[in-house]
Ligand code: 13P
């Protein structure tokens, strides 16, 4: 199957109240692990690619790996730019074969965010590519993005609804109390904001910063209307812990396959558990 836009599966997620996982890819092993778990669970998935990951992997390798995964798995897979910062980077991704893009204009003034997101939506929709927008600021660190958690601003529901109406995005990320990276304490999610927005718009709310959020909070967020949930850090933690363990066990190891195989297996486990928690298993 070729890569698909998020509109292949998000309307069904919205209607049936499950969430599709966006798992960020950082290299071949991430891509393989996510695909393997999705195949085992028969789940639609989204490969998230930050601008930093794109620079690391290179555009051609990124698209080729995602296309290979979609072809091999036969699953609906979207290749999605995560936190795209400009119109130009979004267009470069679409030209290269991305099937979905996020334009993150959340650091701009509200009206500017609407205007800039609208431009991306117009161009992307003409190419059959889906678009995610963002409102409010999500705290934590994600590659080049650093937002002080105290400075992170929750989304205002009325503004979010108008943002959807004016831009026509296919998914809307709103700041509701989660943050990128692992949490020091337990995150306090504002389910009322998710519910207030999701009940008034026909597309799902996106929950960023899915790593380290307790299972029960994830279930409540999905019940309130989160239909796409992003996870990156938990895979990074599992990957690196497995590599550390393999290297510590044998100081003479030099074959990367010896430590990347357990790393990949650890990520399959993380993704499988998230897919089941999100309820997207058997929804491909
Ligand atoms: P985590 O790294 O906290 O899982 O967040 C991922 C994310 O939201 C990507 O946009």
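Keep in mind that glycine also has a Cβ here, set from the backbone N, Cα and C atoms.
The secondary structure of residue 82 (active site, proton donor), as reduced to three states from DSSP, is extended strand. Around the Cβ of residue 82 (active site, proton donor), the number of neighbouring Cβ atoms within 10 Å comes to 28. Positions annotated as active site, proton donor by TrEMBL: 82.
According to TrEMBL, the Zn(2+) 1 binding site annotation covers 83, 180, 208. Sequence-distant neighbours of residue 83 (Zn(2+) 1 binding site) (same chain, six or more apart, CB under 8 Å from its CB) are 50, 51, 102, 104, 134, 142, 143, 145, listed in sequence order.
According to TrEMBL, the feature Zn(2+) 2 binding site maps to 104, 134. Residue 104 (Zn(2+) 2 binding site) is surrounded by 27 other CB atoms, counting those within 10 A of its CB over all protein chains shown.
According to TrEMBL, the dihydroxyacetone phosphate binding site annotation covers 181, 209, 210, 211, 230, 231, 232, 233. According to DSSP, residue 209 (dihydroxyacetone phosphate binding site) is assigned to coil rather than to any helix or strand. Within 10 Å of the C-beta atom of residue 209 (dihydroxyacetone phosphate binding site) sit 28 other C-beta atoms, taking all shown protein chains into account.
A Cβ within 8 Å of the Cβ centre of 83, 180, 208, the residues given for Zn(2+) 1, is found for these other residues of the same chain: 82, 104, 138, 140, 142, 145, 173, 209, 230.
The dihydroxyacetone phosphate site is set by 181, 209, 210, 211, 230, 231, 232, 233; from the centre of their CB atoms, other residues of the chain with a CB within 8 Å are 24, 180, 208, 212, 234. Inclusion criterion for the recorded positions 82, 180, 208: a C-alpha placed within 10 angstroms of the C-alpha of residue 231 (dihydroxyacetone phosphate binding site); this criterion is met by 180, 208.
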